[in-house]
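Visitor: Quick one: this structure, given as structure tokens, is what I'll be asking you about.
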Amino acid sequence: MDHCGTLFLCLCLLTLQNATAETWKELLRYMENMQVSRARSPSFAFRQLHQLEQMLLNTSFPGYNLTLQTPTIQSLAFKLSCDFSGLSLSSATLKRVPQARGQHARGQYAWGQHAMQFPAELTRDACKTRPRELRLICIYFSNAHFFKDENNSSLLNNYVLGAQLSHGHVNNLRDPVNISFWHNQSLEGYTLSCVFWKEGARKQPWGGWSPEGCRTEQPSHSQVLCRCNHLTYFAVLMQLSPALVPAELLAPLTYISLVGCSISIVASLITVLLHFHSRKQSDSLTRIHMNLHASVLLLNIAFLLSPAFAMSPVPRSACTALAAALHYALLSCLTWMAIEGFNLYLLLGRVYNIYIRRYVLKLGVLGWGVPALLVLLSLSVKSSVYGPHTIPVFNSWENGTGFQNMSICWVRSPVVHSVLVMGYGGLTSLFNLVVLAWALWTLRRLRVRADAPNARACRDTITVLGLTVLLGTTWALAFFSFGVFLLPQLFLFTILNSLYGFFLFLWFCSQRCRSEAEAKAQVEAFSSSQTTP
């Protein structure tokens with residue numbers, strides 16, 4: 001009987017072990033199926049997620065913990081007791097998982113570039129009513145497919161870390177749960193917000209991201225620490241600019257940009273065609289104007305194509321090429337603005353007597369060559385400096401705060417954006433403002449002289465204002481995107497600079513009419529002098 005009993009016990013243990021192994025295989029197959037079901041609806045995805053949670057809470061395993069892993073999902077289950085003293089899942093490699101040291105052991109398990117620390121009071125409320133074994137499950141996603149809200153929020157590396165305790169929800173912890181996120185590059189220049197997935201936060205049952213109950217800290221340039229007083233799924237929302245655009249303004253600003261840039265494209269194209277249609281030889285001033293028109297035409301075309309090329313069906317290489325072209329067009333436009341200011345300085349400083357050998361050719365090399373060199377240098381340093389760029393848009397929710405994204409093909413590097421966009425534009429605007437101030441002072445000095453007619457001085461003042469204000473000053477509005485200036489700046493900058501090519505067209509027409517009027521007056525004066533006896 002003793003031998004039979006021992007044999008029967010061994011058979012039972014073997015059967016139980018085989019059943020447990022089959023359960024783990026079923027769990028693993030389920031996780032693998034979740035990875036390939038990305039075409040389904042969000043509601044279906046969350047049913048899958050809740051089913052995975054229940055399977056992990058109910059599965060049996062020997063020892064202290066269970067770890068299952070697929071390429072994008074990692075699941076961990078732990079057995080806890082009421083004398084739980086805390087648990088730390090630290091950032092390291094996941095090659096080895098330690099064995100249990102007892103039900104209340106303080107273990108350490110690797111989670112790649114992330115970590116979670118659970119306080120001792122985690123089991124306090126659950127143990128008040130059910131003083132028995134508890135189950136803690138942790139699920140890590142390296143893809144945010146299951147958490148796609150309506151706003152397409154931008155998450156740090158698309159990482160989501162989640163945790164759940166059996167026998168009730170965990171809320172209002174005095175000692176918070178600490179969730180750490182690391183990045184392999186510096187996060188300077190980004191605004192980071194710790195959020196959790198709140199089901200039912202909006203009208204959709206699957207919910208959205210909310211910052212309630214979480215505090216964001218940044219111990220280093222590449223780490224984000226989230227301190228949250230509850231258990232759920234956590235992530236880090238990130239945005240490039242600290243000044244968020246309200247979602248309500250996205251549609252009107254987009255419409256203004258579309259209409260304004262379209263008008264500018266037509267105006268710049270007409271201006272360039274009229275210039276080439278004219279048979280008379282143009283002077284250096286007119287050729288400088290035409291180069292500026294060409295750069296503005298290229299800038300507006302690239303800008304209008306940028307959102308369409310950032311969408312998923314378009315190859316990433318095409319978006320990268322367009323982003324580089326857009327950056328090049330902007331740098332060329334800014335450079336030709338500075339050239340206009342420099343040429344204005346020569347006109348007034350040398351009293352309309354300019355002769356520099358191959359003057360326009362040298363300016364062309366500067367206006368078109370230097371931006372090309374800067375763009376190629378950026379690409380050589382880091383090929384991923386251009387590509388799809390996400391613009392975060394702030395959206396106020398009834399039950400929280402959300403972010404939605406708009407993608408364009410643009411500069412992705414914060415350093416390049418700060419130096420070769422904002423810095424380059426700031427220097428250009430500052431230079432033109434200095435030239436404007438100096439030109440106004442010069443014209444004022446000419447006006448007080450007896451030999452400078454008031455009509456000529458006023459006409460020169462209009463010329464200086466037209467060239468300098470329209471060719472650079474409005475771009476300085478980009479530096480007022482903060483505080484109470486944000487909303488007025490958004491509309492003024494969008495209206496004035498989207499119609500930039502149209503304003504140049506009006507300036508070109510006025511200058512042409514003025515030249516023709518002066519030529520006609522000279523002919524009439526010459527004719528009258530010939531007819532006078």
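Cβ atoms here come from the backbone N, Cα and C positions, even for glycine.
Nobody curates TrEMBL annotations by hand; they come from automatic prediction.
Keep in mind it's a predicted model, so treat the numbers as computed, not measured.
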Visitor: Name the residue range among 123-144, 255-276 that TrEMBL annotates as transmembrane segment.
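Guide: That would be 255-276, the stretch labelled transmembrane segment in TrEMBL.
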Visitor: Which one of 232-254, 462-484 shows up in TrEMBL as transmembrane segment?
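Guide: Per TrEMBL, the stretch marked transmembrane segment is 462-484.
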Visitor: Does the transmembrane segment (421-441) reach the transmembrane segment (288-310) with at least 3 CB pairs under 8 A, where each pair is 6 or more residues apart?
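Guide: These two stretches do not touch.
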Visitor: Against the transmembrane segment (255-276), which of these stretches has the most C-beta pairs under 8 Å: 288-310, 322-347, 359-379, 490-510?
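Guide: It is 490-510 that shares the most Cβ pairs under 8 Å with the transmembrane segment (255-276).
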Visitor: Would you confirm whether the transmembrane segment (359-379) and the transmembrane segment (322-347) meet the contact rule of 3 or more C-beta pairs below 8 angstroms, pairs 6 or more apart in sequence?
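Guide: Per Cβ check, the transmembrane segment (359-379) touches the transmembrane segment (322-347).
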